[in-house]
């Protein structure tokens, strides 16, 4: 309510002339509002029949108390000290110069452009080196065969023995003829040692695959022929059984047909005999 009263007083002061403002209350001479009381003090004053702050209850209804309520207008005064009359307020800070800011921004952009233009261009990245080739196993080479040299023939010894025998003559028995050494038989060449390849050659592998495929085709064709032969034999046996059943049914039908014909002939004879009897009677 105090705020409404203050606004009303300010409005009246602004609207009324200066001569009619003598009855207004001086804000500075109003007494200060009492200090706020604690909850126990308010409760004690209410129990004793008085108002908080030692005041006495006002006469009249409860809606007219705000008209006589004391208001502290010091809380509405500005916190800053009022300026003396004739002094100007401090100048507000000047707004930033837009042209100066634009020029600074343009300079920064030019510096950045010069920096990027002066920077050396990086060479294009070199392509990655090709991966090393996979290690391949060398093909096994056959081991070389070593042929032992043949021992030299002893032709020279044979000639020496013949020469000594001719020099000695037939009557000289003091010299003994040297035995002719026997030539050793030639050594047989060693068999070549060849170890098997660690893996089959591609040609043999391809041939094995073809042979395996051919065997599979032969076995599949054989199974197909056997299955068809079994199915044909089963169908043939069923056909023979049906033919035998058909012959049996045909014989029974023929016998029934003969019986029917016999009955017909019998009925015809009975009819003829009866007609003759009626004529004679």
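Note that Cβ sites are derived from N, Cα and C of the backbone, with glycine treated the same way.
According to Swiss-Prot, the listed position annotated as N6-acetyllysine out of 29, 106 is 29. Feature annotation (Swiss-Prot): of 83-103, 209-229, the stretch labelled region 'Basic motif' is 209-229. Looking at 40-54, 55-69, 235-249, the range tied to region 'Leucine-zipper' in Swiss-Prot is 235-249. Residue 255 (phosphoserine) counts 10 other C-beta atoms within 10 Å of its own C-beta, drawing on all protein chains shown. Counted with DSSP, the domain 'bZIP' (207-270) comes out as 64 helix, 0 strand, 0 coil.
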